[in-house]
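In Swiss-Prot this protein carries:
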type     : residues                                       : note
REGION   : 1-20                                           : region 'Disordered'
COMPBIAS : 1-10                                           : compositional bias 'Polar residues'
BINDING  : Glu70, Glu95, Asp122, Asp145                   : S-adenosyl-L-methionine binding site
ACT_SITE : Asp145                                         : active site
BINDING  : Lys149, Asp181, Thr218, Lys219, Phe220, Glu221 : substrate binding site
Amino acid sequence: MTESQDTPITTDGEARPHRRIKSFVMRAGRMTEGQQRGLDQGGPLYILPLAESPVDYDQVFGRSAPRTLEIGFGMGHSLLEMAAAAPEQDFIGVEVHRPGVGALLNGVLTEGLKNLRVYDCDAIEVLNRCVADNSLDRLMLFFPDPWHKARHHKRRIVQLEFAELVRRKLKPGGIFHMATDWEPYAEYMLEVMSAAPGYRNLAADGAYVPRPEERPITKFERRGERLGHGVWDLKFEKVG
């Protein structure tokens, strides 16, 4: 995380004059043929522009259906699998890494999916500018950068202010689902979300939930399991 930008998180729809620290680093990456195909052929069909006002996603998808938004889908394997397994639902992915966007869109083209759209820009801007309040059934944040060093903790995306932004965008009863493979970050997210108003932890013990069946296991996660590494899932429901 070496960059900042002019548009901070807002919970009242108003821009703030200070500059916001980004929670991600823009990485250069070489495109494969398939990824480039995804961008060239799928981009015009499935990449949504950053809007100035809330988007009517019923119009975008041509129907009203349960709607999930994932922040930072990486190479898109899990999101693609989830969208293919639930054609009755609509999915929106947000990712700034162009090879990842291309990989996901290549999969969308290959599988002929109609229930997935993509933003290739900052997720905070997408939430603030494009997503209406009380409109999402679920928001997913899987394996975000934990920013291990203490001096970098301010760069973590999960903060009280972010939790409030997510809460506003979720419908009543909507779910904020997080997952991480680094236990200190899991503990940190649990602490933040437990302090965030307007949420209920869905874990029976008030901590973590078992891996939900709807979250696919990635190759990285399987390798970690073989090495004895854990993964922690957190699910918080919007209440009130």
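The backbone N, Cα and C atoms fix where each Cβ goes, glycine too.
Remember, predicted model here, so these are calculated numbers, not experimental data.
Here the features listed in Swiss-Prot are placed on the structure.
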residue	record	Cβ contacts under 8 Å, 6 or more apart
Glu70	S-adenosyl-L-methionine binding site	Ser78, Leu79, Phe91, Ile92, Gly93, Val94, Leu139, Met140, Leu141, Phe142
Glu95	S-adenosyl-L-methionine binding site	Gly72, Phe73, Gly74, Gly76, Val101, Leu104, Val118, Tyr119, Asp120
Lys149	substrate binding site	none
Asp181	substrate binding site	Phe143, Phe220, Glu221, Gly224, His229, Gly230, Val231, Trp232
Thr218	substrate binding site	His77, Ser78
Lys219	substrate binding site	His77
Per DSSP (helix/strand/coil reduction), Thr218 (substrate binding site) sits in coil
Phe220 (substrate binding site) has its Cβ surrounded, within 10 angstroms, by a count of other Cβ atoms equal to 15
Simplified to three states, DSSP reports Glu70 (S-adenosyl-L-methionine binding site) as strand
